[in-house]
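Peer 1: Pulled these from Swiss-Prot:
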ACT_SITE  D127  active site, proton acceptor
BINDING   I4, K5, Q6, G7, A8, E9, A10, K11, I12, K27  ATP binding site
DOMAIN    1-220  domain 'Protein kinase'
Amino acid sequence: MKLIKQGAEAKIYLAEFSELYFDYPIKVIVKERIKKRYRIPEIDLKLRKERTIREARILRRAKEFGVNVPYVFEVDTKNMIIVMEYIEGERLKELLEKLPMEERLKVCREVGRQIGKLHEAGIVHGDLTTSNMILREGKVYFIDFGLAEFDDTIEAQGVDLHLLKRAMESTHYKWFERGFEEVLKGYIEIRGEDKGREIREKIREIELRGRYRERSWITQ
């Protein structure tokens, strides 16, 4: 088992399935939520357990709604561990920049469809960036649901998409407007025109709020 990432909340390990269970030729991700020494131990334990269970439930519900996410093999609430499928492929962050424009836009539309299904399930990802999306065998997969929540409000869904737009503007700045428009078209294919208009209006509203705050800060 190899440590591949350590964040503020969790350690991420890559392991062979056979290391944990029985002989089977696949790899798995082992996500361990780490203790916070600054927290009261009882509160820390409660929070880590709640977040471990919530993430596993979110992944299960997302899959039920047809979202491409890792399959969960095990949830260990004693050690705060989730064992899940390793999605082997190429991150969209790098892949999109190598594809011809027509192919990029097709992938972006599929990203939108996947987000639409996720929001239909009453889930917001909380960290939608092309770094958390992987293309495997022609399918777009979402990973890293550590910040995800059960939330079906238009505000939360608008924030989810707004964060993706900002991330695309930063990473894919030369063509992000065309790309994000395709994301919205894919989203509308799943959720319908009425919800599409509602989400576009919410994204504009969120952007205006952000600009107002920036102007207020500058004039202070």
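Glycine residues also receive a Cβ, built from the backbone N, Cα and C atoms like all the rest.
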Peer 1: To the nearest whole angstrom, what is the C-alpha distance linking D127 (active site, proton acceptor) and A8 (ATP binding site)?
Peer 2: 15
Peer 1: Quick check: in three-state DSSP terms, what is A10 (ATP binding site)?
Peer 2: strand
Peer 1: Helix, strand or coil for I4 (ATP binding site)? Use DSSP.
Peer 2: strand
Peer 1: What is the one among the binding-site residues I4, A8, A10, I12 whose Cβ has the most other Cβ atoms less than or equal to 10 Å away?
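Peer 2: Counting Cβ neighbours within 10 Å, the top one is A10.
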Peer 1: Max CA to CA distance in Å over the ATP-binding set I4, K5, Q6, G7, A8, E9, A10, K11, I12, K27?
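Peer 2: About 24 Å separates the two most distant Cα atoms.
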Peer 1: Quick check on the recorded positions: of Q6, D127, whose CB has the lowest count of neighbouring CB atoms inside 10 Å?
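Peer 2: Sparsest of the recorded positions Q6, D127 by Cβ contacts within 10 Å: Q6.
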